[in-house]
Ligand SMILES: Nc1ncnc2c1ncn2[C@@H]1O[C@H](COP(=O)(O)OP(=O)(O)O)[C@@H](O)[C@H]1O
Ligand SMILES: Nc1ccn([C@@H]2O[C@H](COP(=O)(O)OP(=O)(O)O)[C@@H](O)[C@H]2O)c(=O)n1
């Protein structure tokens, strides 16, 4: 069967990666978490002293951008990709609140976006890929055969992320997560370069009241329809 490209975009913490991973496993496609790449650049900035407080040194980051190499390697046990920054496994380090609180301003920088978008397009050039993020259906793969735009209420999204971080043993406050989710949504929707918005041909999914299993079934149906049409 001809392979297609699947773009899943939407708001922070609504379940995009969960559904993208599930689908990719089920249909044997590659899964790429584009948010992990923006998080890895942010971690690089933190580790290399490119932040003073919340202020990012943009000219310095521009000088460093060619030294930032992001790759993914499949974890043998989970069969899920882990993110590597310059050869180091940073999959856990990029999921902290510190990175979450700094990632959206880094993601709004034009040269950061153009570097990562090129890399994402290279990863998807053979199709057979499920990629999730904010601009996958609008900028990275505007020709994707299946585009989904996911949303859920901010409170529900913050609670999902809170439960996840608590389960990982991270000390977090619900209010802090809710504020971060709202702040990131605002910056992501209002930045100049590739803001988060629904592509005209994206299917809208509000999964506020869906279980993980229900959204998985819904997405699989959309995939089957899309492959029949293409
Ligand atoms: N439909 C759902 N109902 C409840 N929890 C969900 C649902 N979808 C995802 N989750 C959980 O919500 C959290 C955020 O999901 P994730 O896929 O990381 O979101 P995103 O990629 O959009 O940021 C995860 O802990 C995930 O297990
Ligand atoms: N394609 C993408 C993916 C993520 N991002 C940025 O990266 C941040 C982290 O993305 P993510 O997908 O890991 O976010 P979560 O919703 O999973 O926390 C987002 O808030 C965006 O600022 C982006 O600008 N474009």
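Even glycines carry a Cβ here, placed using N, Cα and C.
Per TrEMBL, ATP binding site is recorded for 10, 11, 12, 13, 14, 15, 16, 17, 18. Other C-beta atoms found within 10 angstroms of the C-beta of residue 18 (ATP binding site) number 17, with every protein chain shown included.
Taking the domain 'Cytidylate kinase' (6-224) as a whole, pLDDT averages 96 in the prediction. Taken from TrEMBL, the feature domain 'Cytidylate kinase' covers 6-224.
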Review point. Near the Cβ of residue 10 (ATP binding site), how many other Cβ atoms are there if near means within 10 Å?
Key: 29
Point to revise | Three-state secondary structure, residue 10 (ATP binding site) (per DSSP) | key: strand
Study note, to complete from the structure: Most isolated by CB count within 10 A, of the binding-site residues 12, 14, 16, is 12
Review point. What other residues of this chain sit with their CB within 8 A of the center of the CB atoms of 10, 11, 12, 13, 14, 15, 16, 17, 18, the recorded ATP site?
Key: 132, 150, 152, 157
Review point. Of 10, 12, 14, 18, which binding-site residues come close to ligand 2, meaning Cβ under 6 Å from one of its atoms?
Key: 12
